[in-house]
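Q: Structure in structure tokens, see below.
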Amino acid sequence: MYLRTLLWLLLLHKLRCSCCCCNRHNIGIMDALISETQNRKRIKEVESAFSPSGVQLSVPDRVLVGEGTLMKQGRKKWEQKAFFLFSDILVYGSILVNNRWYKKQKVILLQDIKLEDMEDGEDSKHQWLICTPRKSFFVCAPSYEEKKAWISHIEACQQALLQEQVLQPNLTLAKSWIPNHATQKCMRCFATFTSTNRRHHCRKCGFVVCNGCSKGRAIIEHINPNKPVRICKKCSKRCKADENFRKRGNSLWDDAEERSSDDE
């Protein structure tokens, strides 16, 4: 399936390159037109499969490059998700009926993604890390070949966006959350987790912490610029120190401005 959709992209590229060519390329143009129609149809099918809560996926010049199922590391366990790679976005969601219905759609701009290759773990093979400003998470493919195919095609789409000057070079990326099962104790105070002392995640460092160690809340611009999110006590101290440093810097700047005005 992945190679089939990739062929659509190649044929669309052929169509664009054939516009100024002679008539001997007419057959290639017809093939590309058919492929472009098939691609639009499949995008519409994916869009409908996420309805009614999904966003519109059918937009001009967008191409479906590939699709498939990957395992995504959730807070508690690995979960199978359907992933769809488009020329400018990555879409994934939970599977209700295979290849027919999906829910909990997530859309990530390719310009916001950074990939990190990972070594195989005890409970997961062929994995890599998808980093974004709002959230970072691990995924793994059924085989090494599929893992490399996903990574190479995502990077190829990003390279195309870079040539169009769409990518943002300096992104602040979210930390990946450490899975719940990775620790039985709070990673700040080392208290054992129980049915009443539950696990939480610091949005700034990704550590698994208890409620007592994560009472702080702070605005993290790249995650949610409008809503304070949970952070651990150590990150809270750092945020307060950074804020005090900025305030002192602003105060010194204001004093310097006042002295400059007095001199004049």
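Any Cβ shown, glycine's included, is placed from N, Cα and C.
Sharing the feature lines straight out of TrEMBL:
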type: SIGNAL; residues: 1-17; note: signal peptide
type: DOMAIN; residues: 63-159; note: domain 'PH'
type: DOMAIN; residues: 180-240; note: domain 'FYVE-type'
Q: Express the predicted model's confidence over the domain 'FYVE-type' (180-240) as a mean pLDDT, rounded to an integer.
A: 89
Q: Take the domain 'PH' (63-159) and count its residues per DSSP category (helix H/G/I, strand E/B, coil), listing them in that order.
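A: Its residues divide into 19 helix, 51 strand, 27 coil.
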Q: What are the DSSP helix, strand and coil residue counts for the domain 'FYVE-type' (180-240)?
A: 11 helix, 19 strand, 31 coil
